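This report refers to the structure that appears directly beneath it.
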Amino acid sequence: MAEFRSGFVCLIGRPNTGKSTLTNALVGTKVAITSMKPQTTRHTIRGIVHREGNFQIVLVDTPGLHRPRTLLGKRLNDLVRDTYTEVDLIGLCIPADEATGPGDRWIVNQIRSVAPKTILVVIVTKIDKVPKDRLSAQLVAVSDLVADSAEIVPVSAVTGEQVDVLIDVLAAALPPGPAYYSAGELTDEPEELLMAELIREAVLEGVHDELPHSLAVVIDEVSPRAGRGDLIDVHAVLYVERPSQKGIVIGKSGARLREVGIAARRQIEKLLGTNIYLDLHVNVAKNWQRNPKQLGRLGF
(Lines of atoms letter the chains of each structure in order from A and count residues from 1; the text may use other names and numbers.)
(Lines give C-alpha, C1' and ligand atoms only; values in the text may rest on other atoms or scores of the structure.)
Protein backbone atom coordinates (compact mmCIF):
# COMPACT_ATOMS: atom_id res chain seq x y z
CA MET A 1 0.00 0.00 0.00
CA ALA A 2 1.33 3.45 -0.96
CA GLU A 3 2.37 5.78 1.85
CA PHE A 4 -0.02 8.57 2.82
CA ARG A 5 1.34 11.90 1.61
CA SER A 6 0.61 15.33 3.05
CA GLY A 7 1.99 18.83 3.02
CA PHE A 8 1.48 22.53 2.48
CA VAL A 9 1.21 24.07 -0.99
CA CYS A 10 1.51 27.80 -1.59
CA LEU A 11 -0.21 29.27 -4.65
CA ILE A 12 1.55 32.45 -5.78
CA GLY A 13 1.78 34.75 -8.77
CA ARG A 14 1.15 38.26 -9.97
CA PRO A 15 -2.11 39.82 -8.75
CA ASN A 16 -5.25 38.51 -10.51
CA THR A 17 -3.70 35.37 -12.02
CA GLY A 18 -6.50 33.11 -10.81
CA LYS A 19 -5.01 31.87 -7.53
CA SER A 20 -8.16 32.25 -5.44
CA THR A 21 -10.43 30.79 -8.12
CA LEU A 22 -8.05 27.84 -8.41
CA THR A 23 -8.06 27.32 -4.63
CA ASN A 24 -11.85 27.14 -4.68
CA ALA A 25 -11.82 24.71 -7.64
CA LEU A 26 -9.31 22.41 -5.94
CA VAL A 27 -11.18 22.39 -2.64
CA GLY A 28 -14.63 22.25 -4.24
CA THR A 29 -16.15 25.16 -2.32
CA LYS A 30 -15.59 28.89 -1.88
CA VAL A 31 -12.87 29.58 0.71
CA ALA A 32 -11.03 32.47 -1.00
CA ILE A 33 -12.23 35.79 -2.39
CA THR A 34 -12.35 35.79 -6.21
CA SER A 35 -12.94 39.38 -7.35
CA MET A 36 -11.56 40.41 -10.76
CA LYS A 37 -9.79 43.36 -9.08
CA PRO A 38 -6.03 42.90 -8.48
CA GLN A 39 -4.63 42.38 -4.98
CA THR A 40 -7.92 41.34 -3.36
CA THR A 41 -6.63 38.49 -1.17
CA ARG A 42 -5.46 39.91 2.15
CA HIS A 43 -5.24 36.92 4.50
CA THR A 44 -3.52 33.56 4.11
CA ILE A 45 -6.51 31.28 3.62
CA ARG A 46 -5.98 27.53 3.78
CA GLY A 47 -8.08 25.18 1.71
CA ILE A 48 -7.82 21.44 2.28
CA VAL A 49 -7.89 18.77 -0.46
CA HIS A 50 -8.29 15.32 1.11
CA ARG A 51 -8.34 11.87 -0.50
CA GLU A 52 -9.05 9.18 2.08
CA GLY A 53 -6.10 6.81 2.44
CA ASN A 54 -4.00 8.61 -0.19
CA PHE A 55 -3.08 12.23 0.49
CA GLN A 56 -3.94 15.58 2.00
CA ILE A 57 -2.98 18.89 0.37
CA VAL A 58 -3.22 22.02 2.52
CA LEU A 59 -3.46 25.03 0.21
CA VAL A 60 -2.14 28.41 1.30
CA ASP A 61 -3.65 31.26 -0.71
CA THR A 62 -1.51 34.40 -0.43
CA PRO A 63 -1.89 37.96 -1.74
CA GLY A 64 -0.36 38.55 -5.17
CA LEU A 65 3.34 39.36 -4.85
CA HIS A 66 4.07 42.87 -6.13
CA ARG A 67 6.41 45.83 -5.69
CA PRO A 68 4.84 47.53 -2.65
CA ARG A 69 3.70 51.17 -2.61
CA THR A 70 2.21 51.32 0.90
CA LEU A 71 2.92 49.92 4.36
CA LEU A 72 0.04 47.49 3.82
CA GLY A 73 1.63 46.36 0.55
CA LYS A 74 4.95 45.77 2.31
CA ARG A 75 3.27 43.73 5.06
CA LEU A 76 1.44 41.63 2.47
CA ASN A 77 4.71 40.94 0.63
CA ASP A 78 6.40 39.97 3.92
CA LEU A 79 3.53 37.52 4.51
CA VAL A 80 4.10 35.95 1.10
CA ARG A 81 7.86 35.58 1.58
CA ASP A 82 7.42 34.05 5.04
CA THR A 83 5.04 31.53 3.49
CA TYR A 84 7.60 30.53 0.81
CA THR A 85 9.96 29.10 3.41
CA GLU A 86 7.30 27.22 5.38
CA VAL A 87 5.66 25.15 2.62
CA ASP A 88 6.56 21.89 0.87
CA LEU A 89 5.70 23.09 -2.63
CA ILE A 90 5.17 26.39 -4.45
CA GLY A 91 2.60 26.58 -7.24
CA LEU A 92 3.39 29.57 -9.47
CA CYS A 93 0.25 30.71 -11.30
CA ILE A 94 0.72 32.32 -14.72
CA PRO A 95 -2.39 33.10 -16.82
CA ALA A 96 -2.64 31.69 -20.33
CA ASP A 97 -4.21 34.89 -21.67
CA GLU A 98 -1.38 37.27 -20.67
CA ALA A 99 2.17 37.31 -22.03
CA THR A 100 4.92 36.52 -19.54
CA GLY A 101 6.94 39.58 -18.61
CA PRO A 102 9.15 41.35 -16.05
CA GLY A 103 6.64 40.76 -13.22
CA ASP A 104 6.79 36.99 -13.70
CA ARG A 105 10.59 37.00 -13.96
CA TRP A 106 10.78 39.05 -10.76
CA ILE A 107 8.63 36.50 -8.90
CA VAL A 108 10.68 33.55 -10.21
CA ASN A 109 13.84 35.31 -9.01
CA GLN A 110 12.23 35.90 -5.60
CA ILE A 111 11.39 32.20 -5.30
CA ARG A 112 14.90 31.12 -6.21
CA SER A 113 16.37 33.64 -3.77
CA VAL A 114 14.12 33.05 -0.76
CA ALA A 115 13.25 29.34 -1.15
CA PRO A 116 15.74 27.70 -3.53
CA LYS A 117 15.11 24.19 -2.15
CA THR A 118 11.30 24.30 -2.26
CA ILE A 119 9.68 22.26 -5.07
CA LEU A 120 8.22 24.48 -7.81
CA VAL A 121 5.27 23.61 -10.07
CA VAL A 122 4.14 26.17 -12.65
CA ILE A 123 0.36 26.31 -13.14
CA VAL A 124 -0.81 27.93 -16.37
CA THR A 125 -4.30 29.18 -15.46
CA LYS A 126 -7.32 30.37 -17.47
CA ILE A 127 -6.69 28.01 -20.42
CA ASP A 128 -10.40 28.24 -21.28
CA LYS A 129 -9.78 31.83 -22.42
CA VAL A 130 -7.32 31.07 -25.24
CA PRO A 131 -7.24 28.90 -28.41
CA LYS A 132 -4.92 25.88 -28.53
CA ASP A 133 -2.23 27.55 -30.66
CA ARG A 134 -1.94 30.46 -28.24
CA LEU A 135 -1.84 28.06 -25.29
CA SER A 136 1.00 26.12 -26.94
CA ALA A 137 2.97 29.34 -27.42
CA GLN A 138 2.37 30.31 -23.79
CA LEU A 139 3.58 26.92 -22.53
CA VAL A 140 6.82 27.39 -24.50
CA ALA A 141 7.25 30.89 -23.04
CA VAL A 142 6.64 29.61 -19.51
CA SER A 143 9.15 26.79 -20.03
CA ASP A 144 11.75 29.35 -21.11
CA LEU A 145 10.91 31.49 -18.06
CA VAL A 146 11.69 28.72 -15.56
CA ALA A 147 14.47 27.18 -17.68
CA ASP A 148 12.85 23.71 -17.56
CA SER A 149 13.41 23.59 -13.79
CA ALA A 150 9.75 22.94 -12.91
CA GLU A 151 6.82 20.80 -14.00
CA ILE A 152 4.19 22.80 -15.92
CA VAL A 153 0.45 22.03 -15.67
CA PRO A 154 -2.18 23.93 -17.71
CA VAL A 155 -5.62 24.18 -16.03
CA SER A 156 -8.97 25.94 -16.10
CA ALA A 157 -10.49 26.50 -12.68
CA VAL A 158 -13.70 27.70 -14.35
CA THR A 159 -14.38 24.61 -16.51
CA GLY A 160 -12.48 22.15 -14.30
CA GLU A 161 -10.23 21.03 -17.16
CA GLN A 162 -7.00 19.46 -15.85
CA VAL A 163 -7.84 20.24 -12.20
CA ASP A 164 -7.68 16.53 -11.27
CA VAL A 165 -4.36 16.25 -13.12
CA LEU A 166 -2.99 19.17 -11.10
CA ILE A 167 -4.15 17.57 -7.84
CA ASP A 168 -2.31 14.36 -8.75
CA VAL A 169 0.87 16.29 -9.63
CA LEU A 170 0.80 18.24 -6.36
CA ALA A 171 0.08 15.15 -4.25
CA ALA A 172 2.86 13.11 -5.88
CA ALA A 173 5.40 15.82 -5.02
CA LEU A 174 4.51 15.93 -1.32
CA PRO A 175 6.48 13.98 1.31
CA PRO A 176 5.03 11.08 3.31
CA GLY A 177 3.23 12.46 6.34
CA PRO A 178 0.10 12.50 8.50
CA ALA A 179 -3.31 14.03 7.83
CA TYR A 180 -3.17 17.45 9.49
CA TYR A 181 -6.95 17.92 9.37
CA SER A 182 -9.96 15.61 9.57
CA ALA A 183 -11.52 14.47 6.28
CA GLY A 184 -14.55 16.77 6.62
CA GLU A 185 -12.61 20.01 7.03
CA LEU A 186 -12.26 22.29 4.00
CA THR A 187 -10.56 25.30 5.62
CA ASP A 188 -9.15 26.30 9.01
CA GLU A 189 -10.13 29.96 8.72
CA PRO A 190 -12.56 31.40 11.30
CA GLU A 191 -16.09 31.93 10.00
CA GLU A 192 -15.94 35.66 10.79
CA LEU A 193 -12.91 36.09 8.52
CA LEU A 194 -14.66 34.19 5.73
CA MET A 195 -17.75 36.37 6.16
CA ALA A 196 -15.62 39.52 5.93
CA GLU A 197 -13.98 38.21 2.75
CA LEU A 198 -17.37 37.46 1.18
CA ILE A 199 -18.53 41.01 1.94
CA ARG A 200 -15.34 42.44 0.40
CA GLU A 201 -15.93 40.37 -2.72
CA ALA A 202 -19.47 41.72 -3.06
CA VAL A 203 -18.28 45.32 -2.63
CA LEU A 204 -15.50 44.95 -5.21
CA GLU A 205 -17.75 43.79 -8.03
CA GLY A 206 -18.06 46.57 -10.60
CA VAL A 207 -16.24 49.40 -8.81
CA HIS A 208 -13.29 51.61 -9.71
CA ASP A 209 -9.75 50.24 -9.64
CA GLU A 210 -8.57 52.28 -6.64
CA LEU A 211 -11.13 50.87 -4.22
CA PRO A 212 -9.79 47.30 -3.61
CA HIS A 213 -6.61 48.60 -1.98
CA SER A 214 -8.59 51.02 0.17
CA LEU A 215 -11.29 48.68 1.48
CA ALA A 216 -11.24 46.71 4.72
CA VAL A 217 -14.14 44.82 6.30
CA VAL A 218 -14.47 44.06 10.01
CA ILE A 219 -17.18 41.83 11.46
CA ASP A 220 -18.39 43.77 14.48
CA GLU A 221 -20.83 41.27 15.96
CA VAL A 222 -22.47 37.93 15.17
CA SER A 223 -25.37 36.79 17.36
CA PRO A 224 -28.51 34.63 17.18
CA ARG A 225 -31.75 36.65 16.91
CA ALA A 226 -33.66 36.43 20.20
CA GLY A 227 -36.64 34.13 19.82
CA ARG A 228 -35.61 33.12 16.28
CA GLY A 229 -33.56 29.94 16.17
CA ASP A 230 -33.32 30.12 12.38
CA LEU A 231 -31.88 33.66 12.12
CA ILE A 232 -28.43 35.12 12.86
CA ASP A 233 -27.66 38.84 12.98
CA VAL A 234 -24.35 39.83 11.37
CA HIS A 235 -23.09 43.39 11.85
CA ALA A 236 -20.14 44.52 9.72
CA VAL A 237 -18.21 47.76 9.19
CA LEU A 238 -16.66 48.65 5.83
CA TYR A 239 -13.63 50.96 6.10
CA VAL A 240 -12.46 53.17 3.23
CA GLU A 241 -9.80 55.90 3.14
CA ARG A 242 -11.68 58.86 1.63
CA PRO A 243 -15.21 60.29 1.73
CA SER A 244 -15.40 59.95 -2.07
CA GLN A 245 -14.84 56.20 -1.71
CA LYS A 246 -17.60 56.04 0.88
CA GLY A 247 -19.90 57.52 -1.74
CA ILE A 248 -18.85 54.85 -4.26
CA VAL A 249 -19.65 52.04 -1.82
CA ILE A 250 -23.00 53.46 -0.70
CA GLY A 251 -24.17 54.62 -4.14
CA LYS A 252 -27.05 56.94 -4.96
CA SER A 253 -29.63 56.86 -2.15
CA GLY A 254 -27.89 53.74 -0.77
CA ALA A 255 -28.66 51.63 -3.85
CA ARG A 256 -25.14 50.25 -4.24
CA LEU A 257 -24.86 49.23 -0.58
CA ARG A 258 -28.21 47.45 -0.78
CA GLU A 259 -26.96 45.44 -3.78
CA VAL A 260 -23.80 44.56 -1.85
CA GLY A 261 -25.88 43.47 1.14
CA ILE A 262 -28.09 41.18 -0.96
CA ALA A 263 -25.13 39.52 -2.74
CA ALA A 264 -23.08 39.10 0.45
CA ARG A 265 -26.06 37.81 2.44
CA ARG A 266 -26.66 35.01 -0.07
CA GLN A 267 -23.04 33.87 0.11
CA ILE A 268 -22.88 34.07 3.91
CA GLU A 269 -26.11 32.07 4.22
CA LYS A 270 -24.50 29.34 2.09
CA LEU A 271 -21.45 29.44 4.36
CA LEU A 272 -23.40 29.25 7.62
CA GLY A 273 -26.28 27.09 6.40
CA THR A 274 -28.90 29.36 7.96
CA ASN A 275 -30.78 32.62 7.37
CA ILE A 276 -28.99 35.83 8.33
CA TYR A 277 -29.77 39.51 8.73
CA LEU A 278 -26.79 41.49 7.42
CA ASP A 279 -26.26 45.02 8.75
CA LEU A 280 -23.59 47.05 6.90
CA HIS A 281 -22.07 50.41 7.85
CA VAL A 282 -19.41 52.38 5.94
CA ASN A 283 -16.79 54.43 7.82
CA VAL A 284 -13.83 56.54 6.67
CA ALA A 285 -10.44 55.70 8.24
CA LYS A 286 -8.12 58.22 6.59
CA ASN A 287 -4.98 56.68 5.00
CA TRP A 288 -5.37 53.46 7.00
CA GLN A 289 -3.01 51.56 4.66
CA ARG A 290 -0.11 53.79 5.76
CA ASN A 291 -0.96 53.99 9.46
CA PRO A 292 0.54 51.18 11.63
CA LYS A 293 -2.07 51.66 14.38
CA GLN A 294 -4.95 51.54 11.92
CA LEU A 295 -3.47 48.47 10.21
CA GLY A 296 -3.27 46.67 13.55
CA ARG A 297 -6.83 47.60 14.46
CA LEU A 298 -8.11 46.29 11.13
CA GLY A 299 -6.31 42.96 11.49
CA PHE A 300 -3.14 43.54 9.49
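Quick reminder: no glycine exception, Cβ is built from N, Cα and C everywhere.
Your range for region 'G4', going by Swiss-Prot and the list 125-128, 161-164, 289-292, is 125-128.
Among the ranges 61-64, 241-244, the stretch that Swiss-Prot annotates as region 'G3' is 61-64. For the region 'G4' (125-128), the residues of the chain that approach it from at least six positions outside its boundaries are 17-19, 21-22, 93-97, 135, 154-159, 161-162, judged by C-beta separation under 8 angstroms. Sorting the region 'G4' (125-128) by DSSP state (H, G, I as helix; E, B as strand; all else coil) yields 2 helix, 1 strand, 1 coil. Of all the Cβ atoms in the protein chains shown, 23 others lie within 10 Å of the Cβ of G13 (GTP binding site).
Counting residue by residue with DSSP, the domain 'KH type-2' (207-286) contains 33 helix, 29 strand, 18 coil.
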